[in-house]
Structures are given as structure tokens and as C-alpha cells.
Amino acid sequence: EEAMPSAWPCCDECGTCTRMIPPRCTCMDVSPSGCHPACKNCVQTTLGGRDVFWCMLRIENFCKRRCTPAR
């Protein structure tokens, strides 16, 4: 499920985080329609044979808030 968050930063699938306080994390979320406008490093890649976009920033508390409700 790809979701374009309205409030940013948010992340459903957290990547790696630093040990700093607060932690600076990457997010593994991808979207077929592009990154959030605030993302300054949006990369287009292929996943499962389709083009997707991934924000490759390391942001403080990136994984603190989900973009979509937890299941």
C-alpha cells in the first residue's frame, strides 16, 4: 500500500537510524507518484518491475509518526 502523507515527515517502514538523540533515520516507504515536496533527495528506482520513488534523506524522528494507520 503506497500512501502519500499529508503531514511530513512520517514513515510506515523505518530504515536505519543513528544512535544520536534524537535519532536521525531513513524511511523505506516508496510511492509510484513521487516524493513529498519537502524531500530534497527523491530517487527514482525500480521495484518489482515498476518505477517507484524513494526519499533518501536521514531526518530526525523520521520514524516517530506513521503515515497510515497501523493495522
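Cβ atoms are placed via backbone N, Cα and C, with glycine included.
In Swiss-Prot, the cysteine linked to Cys55 by a disulfide bond, out of Cys17, Cys25, Cys39, is Cys39. Take the candidates Cys27, Cys35; Swiss-Prot pairs Cys42 in a disulfide bond with Cys35. Between Cys14 and the candidates Cys10, Cys63, Swiss-Prot records the disulphide pairing with Cys63.
DSSP assigns Cys27 (disulfide bond) to a strand segment in the three-state reduction. Closest to Cys10 (disulfide bond) in space, going by CA atoms and restricting to the disulfide-bonded residues Cys17, Cys25, Cys27, Cys35, Cys55, is Cys27. In three-state terms derived from DSSP, Cys55 (disulfide bond) belongs to an extended strand segment. The subset of disulfide-bonded residues (Cys25, Cys55, Cys67) lying with their Cα within 10 Å of the Cα of Cys42 (disulfide bond) consists of Cys55, given in sequence order. Comparing the Cα of Cys35 (disulfide bond) with the Cα of every entry in Cys11, Cys14, Cys25, Cys55, Cys67, these being the disulfide-bonded residues, the smallest distance points to Cys55.
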